[in-house]
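Going by TrEMBL, these are the annotated features:
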type	residues	note
COILED	58-113	coiled coil
COMPBIAS	527-537	compositional bias 'Basic residues'
COMPBIAS	539-560	compositional bias 'Basic and acidic residues'
COMPBIAS	591-608	compositional bias 'Low complexity'
COMPBIAS	629-645	compositional bias 'Basic residues'
DOMAIN	507-563	domain 'Signal recognition particle SRP72 subunit RNA-binding'
REGION	507-645	region 'Disordered'
REPEAT	190-223	repeat 'TPR'
Amino acid sequence: VLQISKDDVTALQCKVVCLIQNGNFKEALSVINTHTRVLTSDIIAFEKAYCEYRLNRIESALKTIQSASQQTDKLKELYGQVLYRLERYDDCLAAYRDLIRNSQDEYEEERKTNLSAVVAAQSTWEKVMPEDLGLREATYELCYNSACALIGQGKLNEAMKKLQKAEAFFLFALIFLQDVTEEDIEAELAIIHGQMAYIMQLQGRTEDALQLYNQIIKLKPTDIGLLAVIANNIITINKDQNVFDSKKKVKLTNAEGVEHKLSKKQLQAIEFNKALLAMYTNQADQCRKLSASLQSQSPEHLLPVLIQAAQLCREKQHAKAVGLLQDFADQHPANAAEIKLTMAQLKIAQGSVTKACMILRSIEELQHKPGMVSALVTMYSHEEDIDSAIEVFTQAIQWYQQFQARTNHGCCVFQPKSPVHLSLIREAANFKLKHGRKKEAISDLEELWKQNPKDVHTLAQLISAYSLVDPEKAKVLSKHLPSSDTMSLKVDVDALENSHGATYVRKKAGKLTADNQQKEQGQGDVKKKKKKKKGKLPKNYDPKVTPDPERWLPMRERSYYRGRKKGKKKDQVGKGTQGSTTAGSSELDASRTASSPPTSPRPGSAAAVSATSNVIPPRHQKPAGAPATKKKQQQKKKKGAKGGW
């Protein structure tokens, strides 16, 4: 048709649609652009925008949709997808709501799924509390998106249950699907399992998460976005350990086209981790290059400058790191507090505690916070600078007083102080009392007692402080102390002494008989004497013989010890150097005895056998004393054989 008529609108439209169906988006877009005179935006706006969307030209697709004179349902659907890719979630949510409200067809379930995906993205990336849209979780996609929204809210246990429900829905849906391959099943389950592993990682179950991540990677899913996210999460688990495995996983995050599959915050997190990995692997130049690139993309972001400072500290350039942080704090006052906290940490690491305190006190928005006050007082106490510590307390208390005056609008009516304010006053008073500043602690204690006149502990501290400054005032205040009768505590002493944690336990008195009671009454205060047991004497004790005075000493330390007597030397049979003979060896040689028979009798000589029948052969000869030793051995065996084998 086009050979006959090159500008046939219907033929050109058919050609564009065929190219789109075959995935030739570039060729389809070129056909549209070469026939702009015939294929106007009113005729082929959707096809052009769709080709630009698939070629990741999102901004161009948005312009094409907005330039169309008539907004059809197809264009509205594509408009919602484009807004989602541009991360304009509020506009995207409004577009899908309008679509669901004004359309009725078989694609309603898909629109609800997309709507839930937008809500999940808002909860995850913008930390927006999602509103209840009333979507019935009838499919595994809706369950999965609901789980993602719960993760954004920090409800991890509920999110895990939703993911398990989504997996069950998917497996149940496979019964009714016939043309689904194993690869499709593994791909869908990999997404669900990857999110489960992420929840485990957030819960601190890093071993379980790592095992599940590695199982997904072994399946080799085709979704490059999923692989990049899993590889990044494994790198965060490894941290500065298992660096070689992390370097392998980084390659998965560099796959072609991965930037079109992930959100901006996901891509930014991956780049941050690449810079940290370069720092851990001592690639200083690469670390600087990556962090500088990140800082140029997000000038107000804290992480790039913190990574650069950490790299300088690894190179022992602490002063340069502090200077870098100071410059960033001057340029971005909104983030100065966190930067100055890092600077103070570096000064403490260098041992400059006083300079660290000066940096912390320069953070005006944190000066009155109890945590900051506690840190400064502790550091000044470590440096034995008590005056500066008291000054920190004073400034914090004054801030709360001014804040209360502003909130009361100059009202003169007595107003109770806030719990934080009272806590600071009490800590200041205790600190001053601890370091002997009782005069300075009096005003704080009076303020506390004024707030709570029934506080006996504060009153006692106040009296103790006044006793050194104004004894008369102490006497006057002591009248406010409660009497001893009101102070007596109802304590069961017996129960307290017999309790489990008592160091002293009273022994229970035994039952006394009538005779014992009479004896005790008769003896009065006479103490009973304990009877000494007689020592046991040995059986061979002779009272006429005086005992050995050295019997308590060991035998070797006694004066009459002469050592053990050595027994007679026995014949050294078989001793000496190899090949040597002893004096008694000839006696043991049976071949030299006259009565020894031949080793083997000659065959057929019966007379010789009968003649030597009374002679015992050498093998059967026994040395003298052998029977006795055998008896001893048998006796020993009998003694030890009672238990059996």
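Quick reminder: no glycine exception, Cβ is built from N, Cα and C everywhere.
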Positions whose Cβ lies under 8 angstroms from the compositional bias 'Basic and acidic residues' (539-560), at least six residues beyond its ends:
none
Taking the repeat 'TPR' (190-223) alone, what is its mean pLDDT?
93
Mind checking how the compositional bias 'Basic and acidic residues' (539-560) divides into helix, strand and coil residues in DSSP?
3 helix, 0 strand, 19 coil
